[in-house]
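Notes to accompany the following structure.
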Amino acid sequence: MENYQELTAKQKTFFQSGKTKDVQYRLNALTKLKEIMTSHEQEILDALKADLNKPEVETKRAEIGLVIGEINFMIENLSSWATTQEVETPSTHEGATSFIISEPYGSALVIAPWNYPIQLALAPLAGAIAAGNCAVLKPSELTPHTSSLLAKMINENFSEEYLRVVEGEVETSTALLKEKFDYIFFTGSTGVGKIVAEAAAKHLTPTTLELGGKSPAIVHEDADLDETATRIARSKFANAGQTCVAPDYLLVHRSVKDQLIAKMQEVITATYGENVSENLEFPHVVSERHFDRLHQFLNDGETVVGGNSDRSRLFIEPTILDHISWEDSIMQDEIFGPILPVLVYDELPKAIDAIVERPKPLALYLFTDNEKVQDDVLTKISFGGGAINDAINHMTTHYLPFGGVGNSGMGAYHGKASFDTFSHFKSILKRSNK
Ligand code: NAD
């Protein structure tokens, strides 16, 4: 059994030295992390190509660009975030002053998934650094080229008592979770999230769980179908649908369903070409197990767009399934692949009830300009976060904390929320003896 006692002990001692609490130390580490990403850009592109056939443009935008943007935002704002905040004191406490100190937790464990293996490892790591923690990062074993590159980038440039990448499979996570970390940040499936929460509970370690779920895209009868088709198709089929916030299924008003599907077909052809199997840039499914899981869904409903696949290169083309019901197998769990099932509704309240009866989604997208409909959906359905007349982009702004609720997770990060997540806020009331 692997044992990480020595590593956590080293990080604890280093943290106690107080070095990471110095704001300049954190700024230097963030700057260094950014420089490492820039100097390893080609290696990152190659690793993502080898692991997921991810196109360069996607890697530059969603893996490298997004993390560098986060780091820049942290560098710009860190001094003000880390400043002790003075707050009001009630008259009942006359003569006292009150303030709140942000302090790092200590040593944080970050466990990352495979679908955006750079972004979902390094964005939380940047948050841990900004807040002044030491950290251990465990990347996913399903993207081995990226995992070993992360180990090289971090372990060759930082000391292990400060930041360390530990590579490995489930046994490695299990062994790490036995140790007492001061914070755990986990991104992955809901099932594994529960295992992580149970392990964290043994040490009463606070956790953020960034999980998955079935995120609906509701298309109302008044939606602009050209824009809606473009925005849904691009967000669903990017990374071959292996995006935690991709629209999982369409819930569309019956009167516009056929037109919407026809327009989505046009967008898919315009984006990926007439014959997507010939488009060697289209990302592949991560593993044979996931390919087989997804392939079975092609038996549900009626395939109205796409449907071709090739197991030898883990390829499934962008596919739309019509005539789907809530009972179909594809509607039981998160899809996480390039297959989009379509369900229809006649009355919005029934569509809302159907979502509310199920586990709370990570994201929800609503396509309508009708403000009453927007209000109904936003007030009646609980979900992590989302967008109106757009999809996915709520997670690419520093100003919106990103996270789930219920089965889709707990806690949030990005921008200042990352700093807050990895900080404890210590409240102090100060009186004088005079
Ligand atoms: P996963 O839960 O299988 O694995 C995530 C990490 O946990 C990996 O590092 C893996 O090695 C580790 N792990 C796996 N089994 C474990 C166990 N029994 N004990 C401890 N650690 C274990 O998830 P995945 O397949 O890598 O990623 C896909 C899932 O992640 C989807 O559900 C997706 O929605 C979700 N996701 C969520 C977000 C988000 O930000 N909310 C982002 C990306 C992915």
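Including glycine, each Cβ sits where the backbone N, Cα and C put it.
The Cβ neighbour count for GLU210 (active site), using a 10 Å radius and every protein chain shown, is 26. Residues or ranges marked as active site by TrEMBL: GLU210 (among others).
Sequence annotations record features per position, and here TrEMBL assigns active site to CYS244 (among others). With a 10 A radius on its CB, CYS244 (active site) counts 28 other CB atoms from all the protein chains.
Residues or ranges marked as domain 'Aldehyde dehydrogenase' by TrEMBL: 12-428. Averaged across the domain 'Aldehyde dehydrogenase' (12-428), pLDDT for the predicted model comes to 97.
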